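What Swiss-Prot records for this protein:
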type	residues	note
TOPO_DOM	1-6	topological domain 'Cytoplasmic'
TRANSMEM	7-27	transmembrane segment
TOPO_DOM	28-366	topological domain 'Periplasmic'
BINDING	CYS39, CYS42, HIS43	heme 1 binding site
BINDING	CYS68, CYS71, HIS72	heme 2 binding site
BINDING	CYS129, CYS132, HIS133	heme 3 binding site
BINDING	CYS161, CYS164, HIS165	heme 4 binding site
BINDING	CYS313, CYS316, HIS317	heme 5 binding site
Amino acid sequence: MRGKKRIGLLFLLIAVVVGGGGFLMAQKALHKTSDTAFCLSCHSMSKPFEEYQGTVHFSNQKGIRAECADCHIPKSGMDYLFAKLKASKDIYHEFVSGKIDSDDKFEAHRQEMAETVWKELKATDSATCRSCHSFDAMDIASQSESAQKMHNKAQKGGETCIDCHKGIAHFPPEIKMDDNAAHELESQAATSVTNGAHIYPFKTSRIGELATVNPGTDLTVVDASGKQPIVLLQGYQMQGSENTLYLAAGQRLALATLSEEGIKALTVNGEWQADEYGNQWRQASLQGALTDPALADRKLLWQYAEKLDDTYCAGCHAPIAADHYTVNAWPSIAKGMGARTSMSENELDILTRYFQYNAKDITEKQ
């Protein structure tokens, strides 16, 4: 009996030693396959590594570096193991399928890969980001005005890091919107109009030789009998910039640019009045034949603008509500962000006007 017990204890000891050794070896293997050197042993990772080298996560004044695992592998037990298991597909694609073994293939799959990572981070409330960054540790008052606004908004709205910080360590995918959306907008242009109707250009248009009218501008039809409707454009002139008509005094949302003939043809509807900054404004209007098709409902143009926002802007950050900024602030903000996308000038102009017409200081949303 004693012999059997000793044999049993011996087997138990061997099992403990083998199990413990196996556990330690597994831990060692998991740790070793999580370091940056292992990640870079795959040829396909050389491209994202070069992108990462140009970011503050690689080099900064604090001397703190975020390695691959810091961003891509959660620290907690099961999430950690699941991440390691899912990463096995990368080894398969590297050595078997060759899915991203060239620059062209990598770019073709960049959006798919990026969206996979964004989805994982969203699902974990950006857990790997929060292992270094937390709202509790932030001195928000010392941040830039824009960062303060966005971080306060994120805290109140329950947003997570990846909502706004896409493309923080690697280039974001270059997303383009299908041309069908623009063609559909053109197909919805009003085919007939009546006197008193309101119509809205969906692209830069002309009122004869008098003015160039911007997308979204409200035009009132005063004579629909001819081939080209005669429209009324109403706005505000600013002293020193008389060749532009704006939406309202003090609000620099340009409705149209006037030619010399257009300035002469203006009907002035009031005296010059100063705004709070001393700029002089007066009401004015212009009538003429609209030479281009227009929409009968401006909401169609704004729906197109929202698609532009979802396609080009949401790839880098969470949607920013139009009423987050003022009508005068939006142009420079949209221009700065739009420069990082592949939007055309016309697309950026439409999106900017959508933001302006629905800005926080526009009392009646357009």
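Placed from the backbone N, Cα and C atoms, the Cβ positions cover glycine too.
Values in this document were obtained by computation on a predicted structure and should not be read as measured data.
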- prompt: Within 10 Å of CYS161 (heme 4 binding site), Cα to Cα, which of the binding-site residues CYS42, CYS129, HIS133, HIS317 are there?
  reply: CYS129, HIS133, HIS317
- request: Would you mind ranking the binding-site residues CYS39, CYS42, CYS68 by how many other Cβ atoms sit within 10 Å of each Cβ and giving me the lowest?
  value: CYS42
- line: Three-class DSSP assignment, CYS316 (heme 5 binding site), comes back as coil
Message: On a C-alpha basis, identify the one among CYS68, CYS164, CYS313, CYS316, HIS317 that is nearest to HIS133 (heme 3 binding site); the candidates are the binding-site residues.
response: CYS164
Same chain, 6+ residues apart, C-beta under 8 Å of the C-beta of CYS129 (heme 3 binding site), given in sequence order: CYS71, LEU121, THR160, CYS161, ILE162, HIS165
Message: Take the mean position of the Cβ atoms of CYS161, CYS164, HIS165, the recorded heme 4 site. Which other residues of that chain put their Cβ within 8 Å of it?
response: SER126, CYS129, ALA154, THR160, ILE162, ASP163, LYS166, ILE168, HIS317, ALA318
- line: Cβ neighbour count (10 Å, all chains) around HIS317 (heme 5 binding site) is 17
